Amino acid sequence: MRGVLGKSRKMICSLLSQAPVSPAYYYRSSPSIYKPKPSNRFSWGFLAPIPSPAIRVFCSKPGEVGGLMASSVQNQGSISYLTQREAAEVDETLMGPLGFSVDQLMELAGLSVATSIAEVYKPSEYNRILAICGPGNNGGDGLVAARHLYHFGYKPFVCYPKRTQKPLYSGLVTQLESLSIPFLSVDELPMDLSKDFDILVDAMFGFSFHGAPRPPFDDLIKKLINLHYYEQAQRKSPVIVSVDIPSGWHVEEGDVGGDGIKPDMLVSLTAPKLCAKKFSGPHHFLGGRFVPPAIAEKYKLQLPQYPGMSMCVRIGKPPQIDISALRENYISPEFLEEQVEADPLDQFRKWFDDAMAANLKEPNAMALSTTGKDGKPSSRMVLLKGVDKDGFVWFTNYESQKARQLSENPHAALLFYWDGLNRQVRVEGSVEKVSDEESEQYFHSRPRGSQLGAIVSKQSTVVPGRHVLHQQYKELEEKYSKESLIPKPKYWGGYRLKPERFEFWQGQPSRLHDRLEYSPQETDGKRVWKIVRLAP
Ligand SMILES: NC(=O)C1=CN([C@@H]2O[C@H](COP(=O)(O)OP(=O)(O)OC[C@H]3O[C@@H](n4cnc5c(N)ncnc54)[C@H](OP(=O)(O)O)[C@@H]3O)[C@@H](O)[C@H]2O)[C@@H](O)CC1
Ligand SMILES: Cc1cc2nc3c(=O)[nH]c(=O)nc-3n(C[C@H](O)[C@H](O)[C@H](O)COP(=O)(O)O)c2cc1C
Ligand SMILES: Cc1ncc(COP(=O)(O)O)c(C=O)c1O
Ligand SMILES: [K+]
C-alpha cells in the first residue's frame, strides 16, 4: 500500500512539473451601448487566450447570465471522453489507491453541479428547482446539489423515489429535511412540470446506466421529454440540467433513437463520457475538480483548466449572446433625503467605506472624462489617491492626452461605479495640478517598478513594440540599481478636482432609482450644499 501511494505521489509531482498549461479562453463583455433590434442575436467572435481567466459568461435566454464567478470556454475538439468502462475504473482508482471516499467525491460533484447552475441561471429568475434523484451515486450528486442550491438562494424540491438505506444517503436526506426542503413522491408531481418549476435537475442515472429505464424512472424521463413539446407549443418550459449523463441516454452512444431528453445544460463530472459528444444544448460544463494528474496521465485525459477557484468550467461551444437581453434588476435599500449627509464629502466617505467593507476590487478606480478645445470628450480609468475638502486627487503623466485636454479645458467629470452595491457616484468640477511637493511625496511612495515605469512611459505616444518599453526599463533598472531614490520625472504628477456637483445614485427595482444631487448655493453669504432628487 505504501508503495502504491509513494509511487503515485512521485508520479503526481513529476506530472505536475511537466503539465502543459491548457489554454483557457474567454469572451469579452463590453458596455452595452449598442442596442440591437429585438431579434438581433449574434455571437461574440472574439476569443483571446489569457493566463488566468476571470470573466462572466453570457448566455442565450433572457435571464441567463453568468454570475461573478469565473468561467472559461474551452474548445470541444481538445477534450477527451471516457468510455463507460473507463469511467467506472476511474471511480475505483479514486476510491481505492488514491484514498478518496465516495462522500468526498459526491460532495464535490454536487457542489460543481450547483455552481454550474448558478453560473448560468440566476436565482432571481430561475428559482424553483426540482431535483429528480435516482438510486445510485448520480442521485446522490443530485441530493448534494439541492442542498448547495438552497444555500445559494434557490428554492429546491426533491423527488427521490428509490432510496437506499446506506448512511451516506440517509444523511443527505436528513440534511435536506433539516432545511425544510420538500420531498415529493412521483404521484405528487404534476403531469406537466412546466408550471411549477424553473429548473429540473436530472440526477436519475449516471455512468452505470444500462438497458431501458425501469419504473418509475421511465415515466419521469417521459415527463422531461414532454416538456420539449410544450416548448414547441410556445409555452415557457423549465430548463433541464443533466448530471453527468442525460438520463435514458446510452452512456457511450448518446440519444440513440433521437427521442430522449434534450437537456439545456449538461454537467459532466470528472471527465465527459462519450455520450457528451452528442450533447447539443447551449451549456456544457465540467465539474468534479479533484482529478489528480496521475489519473489524467493514465487515461490520457485532456481536460480544461478550472479558472481561479471555480468548481466548474464551461466546455463546448460558447452560447450565443443576446446583448439586448442582458440586464440586472437592482434591489437595494432605499436611499432617502432624510438619511444623507449634509456634506457630500461625508456622504462620499460613507459610501467609500461601504465599498471597502464589501470587499469590492479597487473601489478607488474611477472614470475620468475630459474634453479639449475641440469639445470632443474622452474617458479613461484612473485611481483616486486622496480625497479631502480640497478635492479628489489622482496621478498621471503631464504630457498625456488627458493632460493636454486638461490644459485646454480644466474641467472634468469623475465616475465611480460600485457594482456589488448597485451604486454610482458622479463628481464634476474644475481641475488643477497638485503641488510639486505633493507629487514628489506620492511618487516615492510607489513601488520601485511603478516609478521606473512612469519614467519609461511617454504616456499616450506611439510605441514601436513592447520590447522597446522593456529595454528602456532594464536600462533604467541598471542605472538606478545602486541609488536608493529614483528621481521623479518632471512630466509626472497629480491633479486635483475641486467638486462643483455631486450625484449619488442607488439602483432600485423597475429602474426607479434613487438619485440625489448636491450643488453649491450661496445662502447669507455662506456656501451650502443644496440637495435635490432627480428623476431616474
Ligand atoms: N469519479 C466518479 O466516478 C464520480 C462519480 N460520481 C457520480 O456517480 C455516478 C455513477 O454512479 P453509479 O455507479 O452509482 O451509477 P448510477 O448510474 O448513478 O446509478 C446506478 C443505479 O441505477 C440503476 N440502474 C441502472 N440501469 C437502470 C435502468 N435501466 N433502470 C433502472 N435503474 C437502473 C442501478 O441498478 P442495477 O441496474 O444495478 O440494479 C443502480 O442502482 C456518476 O455518473 C456521477 O454522477 C460523482 O458522485 C463523483 C465522482
Ligand atoms: C483600473 C485602472 C486604473 C488606472 N489608473 C491610472 C492612473 O491612476 N493614472 C494613469 O495615468 N493611468 C491610469 N490608468 C490607465 C489609464 O486608463 C489610461 O490608459 C492612461 O492614463 C492614458 O490615458 P490618456 O491617453 O487618455 O491620457 C488606469 C487604468 C485602469 C484600467
Ligand atoms: C499608467 C498608470 N499610472 C498610474 C497608475 C496608478 O498606479 P499607483 O497606484 O501605483 O499610483 C496606474 C494604475 O493602473 C496606471 O495604469
Ligand atoms: K443524470
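FYI, residue positions are counted from 1 along the chain as it appears here.
In case you wondered, yes, glycine gets a Cβ from its N, Cα and C as well.
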Site co-member for K(+) according to TrEMBL, given ASP202, SER247, out of ASN137, ASN138: ASN138
From ASP187, ASP192, ASP244, the one annotated by TrEMBL with ASN137, ASN138, GLY139, GLY140, ASP141, GLY206, PHE207, SER208, PHE209, HIS210, GLY211, ALA212 for (6S)-NADPHX: ASP244
Overall pLDDT of the domain 'YjeF N-terminal' (87-303), taken as the mean: 95
Contacting binding-site residues for ligand 4, chosen from ASN137, ASN138, PHE207 when the Cβ sits under 6 angstroms of any of its atoms: ASN138
Reduced DSSP assignment, SER247 (K(+) binding site): coil
Reduced DSSP assignment, PHE207 ((6S)-NADPHX binding site): coil
Cα-nearest neighbour of SER247 (K(+) binding site) within the listed binding-site residues, ASN137, GLY139, ASP141, PHE209, GLY211: PHE209
Additional residues surrounding K(+), by Cβ distance to the ASN138, ASP202, SER247 centre under 8 Å: ILE132, GLY134, GLY139, GLY142, ALA203, MET204, PHE205, GLY206, SER242, VAL243, ASP244, ILE245, PRO246
Other CB atoms, at most 10 A from the CB of ASN138 (K(+) binding site): 25
ASP202 (K(+) binding site) - helix vs strand vs coil (DSSP): strand
